[in-house]
Amino acid sequence: MIALHANATRNPCAAPAARKTQPLRDRYPPRPDGMKPEPVEVGLGVTDSTKAENSTQTPPLGRFGVWRHATGLPPETGAEIEKLGYGTIWIGGSPPADLEVAERLLDATETVVVATGIVNIWTAPADEIAASYHRLEERHPGRFLLGVGVGHPEAHGETYRKPYTALVEYLDVLDREGVPAARRVLAALGPKVLKLSADRSAGAHPYLTTPEHTREARDVLGPDVVLAPEQKIVLSTDVATARDVGRKAVANPYLKLRNYRANLERTGFTAEELDNDGTDRVVDALVAHGDAEYIATRLREHLDAGADHVAVQTLPMRDDPVPALREVAAALGL
């Protein structure tokens, strides 16, 4: 189990109560009439009070967004996702430091937030990321959220040393380069990085998790910190087919990566359940499958457990996500 926030208490025998989460957009009410801040310099030296205010506030993510690998996010897909009512587009696959994929999505849309899910600290230098952030903020103020994470030791070999220290140092550079804490989130699974995400960013963007993890993550984070988990879905009522699609998505590489395995074991799965591509119980927990109404129910379970926002990833990745997202959007009432 994840260690609890110092101020949190919970009866382990009691059913967890649903948390009424204040919508992100409601956390930043408009200024009363007549209250106008003094203009300050932001971004690339542009004097603009509106941009200054945007730069220090977390963008309104909406209740539901879409997570998709960068290779499957052409601008026209982003525009369709925005039309369906999703509040945020999350770019997966460790996009490079130039953030050009985010820029193309922002150019093709009008109001949707674009976030990285996530930028890898080992492959995207912090100073380059900061320069890209300011470029995007200059062109599309208030619409970009920087997700940052350490990746996995299996992918980086000897480079992957003291990841927590490296992440802290990366955030230090972002601070020095003027990337506000409110405009970034961290890929966080365990209690140590969850706490760091509360202290040094707007919040956490956990990947490959369950509502049980969401509930425990909220306990660690405390209130008023963004919690935006990713959730995989397969829109199919054929259980065997859906499980096959889901298992292929989670077994390789995720169930072979020590960080994810450790987190899933903390959540309550055994090592034996995670071996051999995962049991049906593991797959069903990590991949919501069924009709649109059932999937909507599964997505809302994260909100009931304390999430502010859920990033929806449709499977299989090779398919056009828009048809499934359209049905799920209708079921969610977007």
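Glycine too: its Cβ is placed from the backbone N, Cα and C atoms.
Between the stretches 1-42, 127-168, 211-252, TrEMBL puts its region 'Disordered' entry on 1-42. Taking the domain 'Luciferase-like' (79-176) as a whole, pLDDT averages 94 in the prediction.
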